[in-house]
Amino acid sequence: MALPQGLLTFRDVAIEFSQEEWKCLDPAQRTLYRDVMLENYRNLVSLDISSKCMMKEFSSTAQGNREVFHAGTSQRHESHHNGDFCFQDIDKDIHDIEFQWQEDERNGHEALMTKIKKLTGSTERYDQNYAGNKPVKYQLGFSFHSHLPELHIFHTEEKIDNQVVKSIHDASLVSTAQRISCRPETHISNDYGNNFLNSSLFTQKQEVHMREKSFQCNDSGKAYNCSSLLRKHQLIHLGEKQYKCDICGKVFNSKRYVARHRRCHTGEKPYKCNECGKTFSQTYYLTCHRRLHTGEKPYKCEECDKAFHFKSKLQIHRRIHTGEKPYKCNECGKTFSQKSYLTCHRRLHTGEKPYKCNECGKTFSRKSHFTCHHRVHTGEKPYKCNECSKTFSHKSSLTYHRRLHTEEKPYKCNECGKTFNQQLTLNICRLHSGEKPYKCEECDKAYSFKSNLEIHQKIHTEENPYKCNECGKTFSRTSSLTYHHRLHTGQKPYKCEDCDEAFSFKSNLERHRRIYTGEKLHV
């Protein structure tokens with residue numbers, strides 16, 4: 001009986017071998033055969049949308065393999081001829097096979113896939129069990145119809161038993177044009193060589209790949225081999241369009257992300273530190289901040305064992321060991337290890353000084369310089385020496401001061417071998433060469449050090465930014481203000497070791513010590 005138009009069976013896309021042909025295939029060829037059969041099955045099953053379980057009854061007659069099944073009121077009879085071979089059961093007879101189909105469509109598919117692998121797996125044992133026997137035909141048919149595609153299992157009359165099989169419905173959701181409508185030819189050479197590898201199996205494999213992505217997304221152009229995957233993919237586009245910021249129009253694929261983004265506009269900071277009361281817009285920022293209180297430093301450098309609160313700090317630190325400087329200046333080609341360093345450097349080329357002092361109007365290119373300068377007006381000195389309790393407005397000044405106690409002088413002049421406690425004073429080397437690169441544009445006076453030029457230039461500008469809070473007197477240098485301030489406080493930090501007399505200024509102490517040394521003053 002001819003199959004109705006549009007009906008497709010698994011046999012239509014299967015390659016069938018006789019027992020003799022099968023025994024002549026090597027293990028690699030049998031593995032390839034199994035893979036192709038499994039791939040055919042996957043592509044047929046992918047056309048299904050909502051499968052349900054169905055019980056079918058199979059029987060056979062002595063005249064041949066004649067299948068009779070009942071599904072509702074539908075009945076169909078198909079005749080098949082012996083002599084060809086599709087799948088081999090190695091371990092046991094077909095009547096012991098039981099397909100445990102679950103109501104879940106996916107589980108049902110996996111069960112059949114597992115069974116097919118069993119049927120085509122251990123071929124060596126088949127050769128032992130069936131050596132000398134007549135050809136046995138285990139055919140797995142898979143029929144598709146616009147209303148009721150069915151799964152069939154064919155067997156010889158000796159091994160027929162009731163089988164549990166799966167029926168796949170709703171194939172009408174897929175157009176006939178998307179179904180597989182041709183059966184590939186089987187080519188076997190006389191010597192059972194590799195002809196079939198180069199013909200039928202590879203032809204089928206190519207056809208499978210051509211059919212794999214027949215369902216295409218209109219939005220992104222991405223294609224899938226079944227409609228269910230396409231619908232799942234389309235939810236991504238739906239999600240992207242669902243969550244939109246009503247302030248700036250930016251879109252997100254998660255409601256949580258858009259809620260977090262809106263805090264940038266509203267300034268909301270719902271996460272509060274219980275230690276200091278500081279608030280944050282994200283829990284991640286709060287978690288990182290808490291490490292400052294707990295002292296936790298989970299990120300450790302493998303080179304020097306130095307630890308950090310934040311991962312970003314560790315990444316920057318590692319560049320010290322690697323020498324990496326990924327940020328390059330387009331003007332002069334100089335490279336930097338941090339982006340902030342490059343930003344500050346660029347201002348040397350542009351002349352930009354975005355930080356302005358409201359007290360004196362002086363501008364700065366770096367925020368750190370502006371912060372230090374502002375302490376001149378406020379008198380703030382947050383850095384304190386643990387040895388003598390002296391305070392400083394700059395951290396670098398405290399560092400230099402500590403070397404007075406430790407007598408450390410790490411900077412050495414290559415010309416004369418003299419050592420210094422500050423890197424700036426190392427420039428004393430210019431005294432050997434007589435070099436004076438810093439020249440005043442007003443009077444052409446030159447200096448070896450830039451700091452001396454800046455002090456000199458205040459004579460022309462009459463700039464005295466440093467003011468005494470006691471008497472209102474102004475000075476051009478911080479050191480001058482410091483010395484003047486001792487007149488009000490009576491502080492005398494310089495003490496003679498011989499007579500314990502103290503002085504406000506170091507120069508006065510040096511003059512006093514000449515009494516003991518006998519050194520005469522220069523006239």
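Cβ atoms are placed via backbone N, Cα and C, with glycine included.
Just one residue in K56, K205, K339 has SUMO2 cross-link written against it in Swiss-Prot, and it is K205.
Annotated by Swiss-Prot as zinc finger, the relevant range among 133-155, 271-293 is 271-293. Feature annotation (Swiss-Prot): of 102-124, 355-377, the stretch labelled zinc finger is 355-377. Between the stretches 172-194, 494-516, Swiss-Prot puts its zinc finger entry on 494-516. The average pLDDT the prediction assigns to the zinc finger (466-488) is 84.
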